[in-house]
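Asks: Provided herewith is a single structure, encoded as structure tokens, for subsequent inquiry.
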Amino acid sequence: MNGTEGENFYVPMSNKTGVVRSPFDYPQYYLGEPWMFSALAAYMFFLILTGLPVNFLTLFVTIQHKKLRQPLNYILLNLAVSDLFMVFGGFTTTIITSMNGYFIFGPAGCNFEGFFATLGGEVGLWCLVVLAIERYMVVCKPMANFRFGSQHAIIGVVFTWIMALSCAGPPLVGWSRYIPEGLQCSCGVDYYTMKPEVNNESFVIYMFVVHFTIPLIVIFFCYGRLVCTVKEAAAQQQESESTQRAEREVTRMVIIMVVAFLICWVPYASVAFYIFINQGCDFTPFFMTVPAFFAKSSAVYNPLIYILMNKQFRNCMITTICLGKNPFEEEESTSASASKTEASSVSSSQVAPA
């Protein structure tokens, strides 16, 4: 084995030289230069500095403006809540451990950080699945006269938390475990060892199939069908200017959604899966550190993509920030009135987010 396994940790370095120490008790500067740990702390500070206000503002604006309290926005609010879970439960812990060079909070703190980071990430992931299904049902209309109402939204929110807990909870009760990873300053599921005492192998397989592969398939299917439906609608309307514009907007939004998902999660999942199927392989701490920390950036990507691209929400946010006045409202209202007739056929199909 090219790593050193302890009771509740796995350091990706052989202990032949005798320098490896528990990441709960000693700084891990033998894994990297001190400035590298400082860089991680600075990165986490950036995510907190951006993710906290954007997600909090999302909640505040939606509560303040009644017209935003639509069923679809329940899912978007839930997405913001999940991002805040990652910020408060994961990022704040990681910034402190990175500044100290090791996981100073011990195994209990590792469970805390790993649980909330995983929970927030999984709620966010399953929110994307619910959004994809909602778009598919509304735009592609596989069920005639389907309307996405408050009851559907509440069911969707509950579903995201049930699925997230079914992924983040088991390591706390003996099915797999949370251990420090990469430079040993953040915690995640143990992909590094089989650990038969906690049936680690079966949990990792379950996690990859149920909590990564299936969501990815659902998202690709739903948005793939959505793009096809929009193109068919455009062809039937002789590709009018408004329809072409709507098609471009929806296509751009879908591409950004899918690409953001892939950028955030595929590198982390791919590296984790590689390590899992190549137990004991030789890899540097950065091999897991970079994708693990990059996946955390989803807490910033999510509100930017799913909230800030929502025109209605954007107008309400500007109004809130500008203390009740929107300096762009007059210009936008003039533009909207000019295209109201053309856009009615598109909005009736609910092609764009509510």
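Yeah, the Cβs are placed from backbone N, Cα and C, and that goes for glycine too.
Sharing the feature lines straight out of Swiss-Prot:
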TOPO_DOM  1-36  topological domain 'Extracellular'
CARBOHYD  ASN2  N-linked glycosylation site
CARBOHYD  ASN15  N-linked glycosylation site
TOPO_DOM  62-73  topological domain 'Cytoplasmic'
TOPO_DOM  97-110  topological domain 'Extracellular'
DISULFID  CYS110-CYS187  disulfide bond
TOPO_DOM  134-152  topological domain 'Cytoplasmic'
TOPO_DOM  174-202  topological domain 'Extracellular'
TOPO_DOM  225-252  topological domain 'Cytoplasmic'
TOPO_DOM  275-286  topological domain 'Extracellular'
MOD_RES   LYS296  N6-(retinylidene)lysine
TOPO_DOM  309-354  topological domain 'Cytoplasmic'
LIPID     CYS322  S-palmitoyl cysteine
REGION    333-354  region 'Disordered'
COMPBIAS  334-354  compositional bias 'Low complexity'
Asks: Tell me, which recorded positions from ASN15, CYS110, CYS187, LYS296, CYS322 are within 10 Å of ASN2 (N-linked glycosylation site) if we use the C-alpha atoms?
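Replies: Qualifying among ASN15, CYS110, CYS187, LYS296, CYS322: ASN15.
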Asks: Quick one: Cα separation, CYS187 (disulfide bond) versus ASN15 (N-linked glycosylation site), in Å?
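Replies: If we compare the Cα positions of CYS187 (disulfide bond) and ASN15 (N-linked glycosylation site), the gap is 21 Å.
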Asks: Can you give me the average pLDDT across the topological domain 'Cytoplasmic' (309-354), rounded to a whole number?
Replies: 59
Asks: A 10 Å Cβ contact count, applied to the glycosylation sites ASN2, ASN15: which residue has the minimum?
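Replies: ASN2, out of the glycosylation sites ASN2, ASN15, has the fewest neighbouring Cβ atoms within 10 Å.
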Asks: Helix, strand, coil: count each for the residues of the topological domain 'Cytoplasmic' (62-73), based on DSSP.
Replies: 9 helix, 0 strand, 3 coil
Asks: Any same-chain residues 6+ apart from CYS110 (disulfide bond) with CB under 8 Å of its CB? Would you list them in sequence order, or say none?
Replies: ASN8, PHE24, PHE103, TYR178, ILE179, PRO180, CYS187
Asks: What is the interatomic distance between the Cα atoms of ASN15 (N-linked glycosylation site) and LYS296 (N6-(retinylidene)lysine), given in whole Å?
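Replies: Between the alpha carbons of ASN15 (N-linked glycosylation site) and LYS296 (N6-(retinylidene)lysine) there are 30 Å.
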Asks: By a simple count, how many Cβ atoms lie within 10 Å of the Cβ of the residue listed as 'N6-(retinylidene)lysine', its own Cβ left out?
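Replies: Summing over all protein chains shown, the residue listed as 'N6-(retinylidene)lysine' has 23 other Cβ atoms within 10 Å.
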Asks: Using a Cβ cut-off of under 8 Å, list the residues of the same chain at least 6 residues beyond the topological domain 'Cytoplasmic' (62-73) that approach it.
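Replies: Hits for the topological domain 'Cytoplasmic' (62-73): 131, 134, 148-150, 152-153, 312-313, 316, 319-320, 353-354.
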Asks: Any residues 6+ beyond the ends of the topological domain 'Extracellular' (1-36) with a Cβ under 8 Å from its own?
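Replies: For the topological domain 'Extracellular' (1-36), the far contacts come to 100-104, 106-107, 110, 177, 179-180, 183-185, 190, 192-193, 279-288.
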Asks: Cβ atoms within 10 Å, counted per site: which of CYS187, CYS322 has the most, among these recorded positions?
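Replies: Per the Cβ count, the most surrounded site is CYS187.
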Asks: So which residues does the topological domain 'Extracellular' (97-110) touch in its own chain, when a touch means Cβ under 8 Å and the partner is 6 or more beyond its ends?
Replies: 8, 23-29, 34, 37-38, 40-41, 44, 178-180, 183-187
Asks: Rounded to the nearest Å, what's the C-alpha distance separating LYS296 (N6-(retinylidene)lysine) and the residue listed as 'S-palmitoyl cysteine'? Just drop the number here, would you?
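Replies: Spelling it out, the Cα of LYS296 (N6-(retinylidene)lysine) and the Cα of the residue listed as 'S-palmitoyl cysteine' are 30 Å apart.
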